Amino acid sequence: MKRKWERDLGLQGRMLFTMFLLAAVYLFFLAFLSYSGTPPVFMLLFVGAFMGIQYFYSDKMVLWTTGAHIVSESEAPQLHDMVTRLCVIADIPKPQIAIVQTRVPNAFATGRSPNKAVVAVTTGIMDKLTPAELEAVLAHELSHVKNRDMAVLTIASFISTIAFYIVRYSLYFGGMGGDRRRDGGGILLVWLVSIAVWVVSFLLIRALSRYREFAADRGSAIITGQPANLASALMKISGLMDRVPSEDLRKVEGMNAFFIIPAISGSSFMDIFSTHPSVEKRLAQLEKMQKEMS
């Protein structure tokens, strides 16, 4: 049975405001590059090609990076049954399902659209969670698929990536041309503005990522009708992460942005640099939803 996908207007408002700020920063940056005489065509083409590959082949890249193995219904019947049932409720096509052989208890989703998605779980999470908790985690990942989060964040980071490459290479290549910038002062100005744009956009993209994690948590609660199950799973995963050997955690640290909980997380002081909200904030939202649904 399909469930109504109710909107959280406050969360949507924060996401839209963040995207508005991001767009404003990007428009300023493009206007500045045009005024300074910087020909951004080459950089646009280079970064566009790079991000196009990421956009269209992200699922294959992530599977290769993690060593995830696509499993058939005969190989993982219970997992397939769970995902099939959740997809009917969420009203999305069933994605491919993969398993990663690692003790790290985690899960992730990738793919540019609901029709080209992969949802993966680790053997660590399958061994430790109850069926209800695992179902809640899968519903969280399917919410990312339904919300097209991979596509949104790839597009959002496009100009930020251009700013990063200008910062990295402009001093080496004399600012990449442009009449107004042939002097050292002009090159330095472009470099400084690019740094500012990259830092601001980096923080905004991280904020957008955290909001979309909140949205996926909310989606899981709506799909399963049991926010407490995801809350229980998050607490269990967070606690289990401390018991996993640091060597195993470092192997998958590059996948933190995709995981339901980062394999290695910093202090609360570093929250503004994190792709995920703190577990405490996520639990507070789920507790509020549990009360609303009771």
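Glycine is no exception: its Cβ is also placed from the backbone N, Cα and C atoms.
Summarising the annotation, Swiss-Prot assigns transmembrane segment to 15-35 (among others) and lists sequence analysis as the type of evidence. Listed as Cβ neighbours of the transmembrane segment (15-35) (distance under 8 Å, sequence separation of 6 or more from its ends, same chain) are residues 156, 159-160, 162-163, 180, 190, 193-194, 197, 200-201, 204-205, 207-208, 211-212, 215.
What Swiss-Prot lists as transmembrane segment is 37-57 (among others), and the listing cites sequence analysis.
Marked as Zn(2+) binding site by Swiss-Prot on the basis of sequence analysis: His140, His144, Glu213. Long-range C-beta contacts of Glu213 (Zn(2+) binding site), restricted to its own chain and to partners at least six residues apart, with a cutoff below 8 Å, comprise Thr275, His276, Pro277, Arg282.
The number of other Cβ atoms within 10 Å of the Cβ belonging to Glu141 (active site), over all protein chains shown, comes to 27. Among the features that Swiss-Prot reports, active site is placed at Glu141, with the record citing sequence analysis.
What Swiss-Prot lists as transmembrane segment is 151-171 (among others), and the listing cites sequence analysis.
Residues or ranges marked as transmembrane segment in Swiss-Prot: 185-205 (among others).
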_Listed in sequence order, residues not in His140, His144, Glu213 with Cβ within 8 Å of the centre of the Zn(2+) site Cβ atoms_ = Ala109, Glu141, Ser143, Asp149, Arg212, Ala215, Ala216, Asp217, Gly219, Ser220, Ile260
*Run through the Cβ atoms and count how many others sit within 10 Å of the one on His144 (Zn(2+) binding site).*
26
*In sequence order, what residues of the same chain, 6+ apart, have a Cβ less than 8 Å from the Cβ of His140 (Zn(2+) binding site)?*
Ala107, Ala216, Asp217, Gly219, Ser220, Leu230, Ile260
